[in-house]
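Visitor: One structure coming up, written as structure tokens, with questions to follow.
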């Protein structure tokens, strides 16, 4: 009798383990978040990508499809769509095979995927918010773990997929002073003395920052009855002026009325007089570093961020707000809206790749735009793991690390281990648009 009567079983098990280690490029099925601010049904880019990636997916016409999470975050760990792999989720697979991250990322980020890649479809405004740096995140997490669940920073980058609108950073002082003059209800909340301090601080950066902090903090700490009364007066005034055919642009009236309809009686409606309104067209980006005040208003975007849930909010939200922490932490450096647009750089080694490389180690985003004249294209290897999302186009992909062909179409999400490439045979007539997130240390 054979010393190992179950030889065939053993061989199969060994072969399966080998296959698991060899399959280092595989498709993912990603988590959808149905937050109330998201676009509804197939108006949502998130919903369209979900259906593209899985034709059996059912999209409900009256449901909000706000975010698609591509990564290993515990609140939305992606499922692996390859039945040769025993692990159900990307997080489990990375925990078992951390070498897939690449040695630098594995060592720097303790065997964790350092970023979360997302698609956002924004119908109504997200909260006025900022994210702490590592030092503040550690303090907030120690003091209030129920509101700040980890000790990591949360830099973010948004790249527009459609016409996209947000608030970001403090406006140039002259613009804020202009609103203090033309919007008496705003002036009432800031106060004459504080407003005068801002006017007299012009030309001295240090004094301007302090005066701006004082103005913003004063407004954010107004008693509710006071700011609700002023907001109602302002909304009534601009509505009547507009009805009478007057130009109300010096009150930023279109945005004011829109936010007030979404969040009536919310102090965040007045933040439009402090913060830049940023408009991005597809491919444009903004980077949100620590302590940068911002709010997304409308549109669809790719977002990449460090793996953290730390958000300090102070308006345009039903969630927990922490006005004192926000006012204390913000970066009070006024700058024009144009300064908030983050440039992409063409990759010198690949004319179809545009890099969005922020000043943090956690992530880099690439836009891969393959023209219709190109039928064969290789997604090049990099020394770190990455996630690839197809926005437009179709192809058949081959990789030594996939063991079988992969069909790519709109909504396909691929995990690509470090140092692996994917060769694409493009079948769509109009080329391909893809986004890739990784951590280029």
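Positions of Cβ are set from backbone N, Cα and C atoms, glycine also.
Source: prediction; values computed, not measured.
The active site annotation in TrEMBL covers 313. According to TrEMBL, the feature Zn(2+) binding site maps to 129, 131, 156, 294. Residues annotated as domain 'Phosphomannose isomerase type I catalytic' in TrEMBL: 25-173. According to TrEMBL, the domain 'Phosphomannose isomerase type I helical insertion' annotation covers 189-275. Residues or ranges marked as domain 'Phosphomannose isomerase type I C-terminal' in TrEMBL: 355-396.
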Visitor: May I ask for the distance between residue 313 (active site) and residue 294 (Zn(2+) binding site), taken between their Cα atoms and rounded to an integer number of Å?
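Guide: Approximately 10 Å lies between the Cα of residue 313 (active site) and that of residue 294 (Zn(2+) binding site).
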Visitor: Would you kindly list the residues that approach the domain 'Phosphomannose isomerase type I C-terminal' (355-396) from elsewhere in its chain, counting only those six or more residues past its ends and only Cβ-Cβ distances under 8 Å?
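Guide: For the domain 'Phosphomannose isomerase type I C-terminal' (355-396), the nonlocal Cβ contacts are 28, 49, 52, 70-71, 94, 100-105, 108-109, 113-115, 117, 119, 153, 155, 157, 159, 161, 283, 285, 287, 289, 302, 304-307, 342, 344-347, 349, 405-441.
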Visitor: Given a 10 Å Cβ-Cβ cut-off, pick out the one of the binding-site residues 131, 294 that has the most other Cβ atoms nearby.
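Guide: Checking each of 131, 294, the winner is 131.
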Visitor: Which chain neighbours of the Zn(2+) site, leaving out 129, 131, 156, 294, have a Cβ atom within 8 Å of the mean position of the site's Cβ atoms?
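Guide: So the extra residues in range turn out to be 130, 154, 288, 292, 293, 311.
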Visitor: Tell me the Cβ contacts of residue 129 (Zn(2+) binding site) under 8 Å, same chain only and six or more apart in sequence, or just say none.
Guide: 293, 294, 295, 311, 312, 313, 314, 317, 326
Visitor: Mind giving me a neighbour count for residue 156 (Zn(2+) binding site)? Other Cβ atoms within 10 Å of its Cβ, every protein chain shown.
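Guide: There are 24 of them.
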Visitor: For the domain 'Phosphomannose isomerase type I catalytic' (25-173), would you mind checking the mean pLDDT of the predicted model?
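Guide: 96, rounded to a whole number.
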